[in-house]
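First up is the structure itself, then whatever we jot down about it.
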Amino acid sequence: MLITKLFSNHGVMIRYGLKGSRVKTVSLSSFSGTFDRKERLVCDVGSQENARNLDGARQGVDQVCHILESGPWGASVENALSSCDHLPHTELVAGVLRRLKNVDLAVNYFRWTEKLANKAHCPEVYNTLLMVMVKSRSFGVLEQILEEMSLAGFGPSNSVCIDIVVSCVKSHKLREAYNIIQMMRKFKIRPAFSAYTTLIGALSEAHEADLMLSLFHQMQELGYEVTVHLFTTVIRVFAREGRVDAALSLLDEMKSNSCEADIVLYNVCIDSFGKVGKVDMAWKFFHEMKTHGLSPDDVTYTSMIGVLCKANRLDEAVNMFEHMEQNRKVPCAYAYNTMIMGYGLAGKFDEAYKLLERQRLKGCIPSVIAYNCILTCLGKKGMTDESLRIFEEMKKDAKPNLSTYNILIDMLCKARKLEAALEIRDNMKAAGLFPNVRTMNIMIDRLSKSGLLEEAYSLFKEMDHKVCTPDSVTFCSLINGLGRSGRVDEAYSLYEQMLDSGRIPDAIAYTSLIRNFFMSGRKEDGHKIYNEMVRRGVSPDLTLLNTYMDCVFKAGEIEKGRALFEEIKAQGFIPDVRSYSILIHGLIKAGFARETYDLYYLMKEQGYVLDTLGYNTVIDGFCKAGKVNKAYQLLEEMKVKGQQPTVVTYGSVIDGLAKIDRLDEAYMLFEEAKSKGIKLNLVVYSSLIDGFGKVGRIDEAYLIMEELMQNGLTANVYTWNCLLDALVKAEEINEALVCFNSMKDLKCAPNGVTYSILINGLCRVRKFNKAFVFWQEMQKLGFKPNMITYTTMISGLAKAGQVFEAEVLFERFKVNGGVPDSACYNTMIEGLSVSNRATEAFKLFEETRLKGCHIYSRTCVILLDALHKAECLEQAAIVGAVLKETAKSQHASRSL
């Protein structure tokens, strides 16, 4: 009720007004003193009636809500509603829905009243129901409601449409908001202009360029006017993602729509294109804006300076800075800070300090931001002592802020200077700045990554959870640190603690748990974590799925790995270069290297631009599949496309060429890599030593070994074994023994393979006694000989006349699960025969036949002679028969 009181010297004018009622005016100027009861003014009868209606409506809403909240929806609730004093009408239904918080209850009441009235609700009631969904952020029945509204010829009001989108944005459900707008379009409902712009803004922050562009084009289809500001928002995202063609296409579209680019758009283009390395494109926009009559402002110059500094084009940045500063009385602090950061990133700290002094001379005291820029760069260079000096120096000009202390703490923790970091933290408190969760996260994360887990965990426990509450980053840092150090059970316990504290782990935490369980050899627990994540409703991201697929392949679960690659697509993600690289690498290791050829071309068909990691994986796959020529072509393709080959790239191709004896080409690539300044590793050197050694080019293998040592590399046991094997095969056994001693002198411990190579070599040159010495040494060191070493040693001892030792070794070999081959059996039979142990030799002869091993003619002759000498005529007859059969079969094979 609107009540207006007008006071005057002559009396009081009282006016009562209520919608739908008459207005009465009564003059009181002729009255004085106290009113008589009969003469008192009474409110209009219509006003009283409306008030009673409002009270009745309020009572009706209260009554209905009380019934609805009395228990679950069912027959008893419906009966209670039916016997209610107030019949459902639009105002009552809308009032009840506004009060309800449970969507299911609201929908049940909505349907019940609709059925009772036997007609559809009006737009006001539908919009009120939608607001219930917005408040509860539950849109399970939204599609059905929107379809009904569309069939009734109306849609959500603009304000409700905007509220739906805002609700999804606030709960970070951007894809759900996008799908809701598409749902509206499906039912021919026109979403509100602000619903589009709100979601486009949110998607730009989340870097969802394609979804954003789809909405942008929908707005144009609906006839909404798209402004330069909206074009700027969309272009910025595409430019920052490096999708230059799409960004330029949008710029052309903007011009065709007669939208004039403003200075903000040019500044965005300069900054965004520059940050993704498109410096020439940034220059183009800088000059273009001048031709359009726009003068570069401080933001333009500063953005361009920052772009040039990041691209290591410092001289151009300095020239632009000087041009900007020319004739300026007041320096641009933002530009100074950018230039200081540029000098710092280039390691030119003297020039950065001079800029600080120059600022002072111009009457502008350097800010805390300028000093923070210098401290950040010093931290990246690991110059902790200089950082602490500058920190003390800065206090003369600027008061350190929270970021200053965080930068220093981060730097000191990286340098594993925990005591100094804690001292800075205490100084921070003394300055009245208390460590926030970011400070603690920096310390915990850096200490965890440095392996100082006890210190990190101690800091975590010391956190005052009322003042500085651990967040998801805090938990994830510790979970990851514990997992990487093999303490996966403690990591899982912390994960449970995280759940107990009411925090829902994100995909990063689950990625860490999955990876670390697999790395600890507990793949079943890794699978359980993934399943638990799905059960809790946490959506995996592409990084998690890629990591899980990588772990699965490394665990040997090839089919599961293939299935996860398909799962990536099923989850709505597009497999990226890393996805394909993991799949290719996994298939290569599993022996399916030939499939890499098809996968590579599938990637190219889908428009993927391989990065260095991608090229390295595919090249390695081609080499392992025997397609070395194709790998060589890809190496050349990398160079043409501006991708710099790494030591891994060269190593794969060199190894591939060396394995197929194309050693001259391998050596050429070896020299090419060195000429490009690539620091070659031990793997590359070992590949060449092995390759040259296997074809008997010992001198070249030696030269490469010498170069390896001259370059400060330490040969490992594999490298030495390659050289030893080459020397043994060339029967340079004395040289091999010299190498063996050098190997031990250089603190490289021999392994079982080393001893096997030497034993085989010594037996080959009939130095059986020396071989047996190495055999005994090998046994003492706990190395288990392989079948070839056993066979070689048994044969060597037998040939040396040490039959007893050979026999002992032969029996031990069989007891340990070894399966002697034909050469081993024949050698033992001959040794026993020569030692006048014909009966035992015959038993072994029978065992050999029973095992299906081939018996040599020479062995039969030696055994036959021994049996005749021992007068074992029956056994001699059997051996003679076998000898005849062997001779016949050999004759037959020669005839063929």
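Backbone N, Cα and C atoms are what each Cβ position is placed from, and that goes for glycine too.
Annotated in TrEMBL:
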type	residues	note
DOMAIN	124-255	domain 'PROP1-like PPR'
REPEAT	227-261	repeat 'PPR'
REPEAT	262-296	repeat 'PPR'
REPEAT	297-331	repeat 'PPR'
REPEAT	367-397	repeat 'PPR'
REPEAT	401-435	repeat 'PPR'
REPEAT	436-470	repeat 'PPR'
REPEAT	471-505	repeat 'PPR'
REPEAT	541-575	repeat 'PPR'
REPEAT	576-610	repeat 'PPR'
REPEAT	646-680	repeat 'PPR'
REPEAT	681-715	repeat 'PPR'
REPEAT	786-820	repeat 'PPR'
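Residues of the same chain lying 6 or more positions beyond the ends of the repeat 'PPR' (262-296) and with a Cβ under 8 Å from any Cβ of it are 228-229, 231-232, 235-236, 239-242, 244, 247, 251, 303-304, 306-308, 310-311, 313. Under DSSP, residues within the repeat 'PPR' (646-680) fall into helix, strand and coil as 26 helix, 0 strand, 9 coil. With helix defined as DSSP H, G or I and strand as E or B, the repeat 'PPR' (367-397) counts 24 helix, 0 strand, 7 coil. Beyond the repeat 'PPR' (401-435), the same-chain residues lying 6 or more positions past its ends with a Cβ under 8 Å from any Cβ of the stretch are 368, 371-372, 375-376, 378-379, 382, 384, 387-388, 391, 394, 442-443, 446-447, 450, 452, 455, 467-468. Here the repeat 'PPR' (681-715) has long-range neighbours at 647, 650-651, 654-655, 657-659, 661, 663, 666-667, 670, 673, 722-723, 725-727, 729-730, 732, 743, 746, 748, meaning same-chain residues at least 6 beyond its ends whose C-beta is under 8 angstroms from one of its own.
Within its own chain, the repeat 'PPR' (646-680) is flanked in space by residues 612, 615-616, 619-620, 622-624, 626, 628, 631-632, 635, 638, 687-688, 690-692, 694-695, 697, 700, 711, which lie at least six positions past its ends and keep a Cβ under 8 Å from the stretch. Taking the repeat 'PPR' (436-470) as a whole, pLDDT averages 74 in the prediction. Taken residue by residue, the repeat 'PPR' (262-296) breaks down under DSSP into 26 helix, 0 strand, 9 coil.
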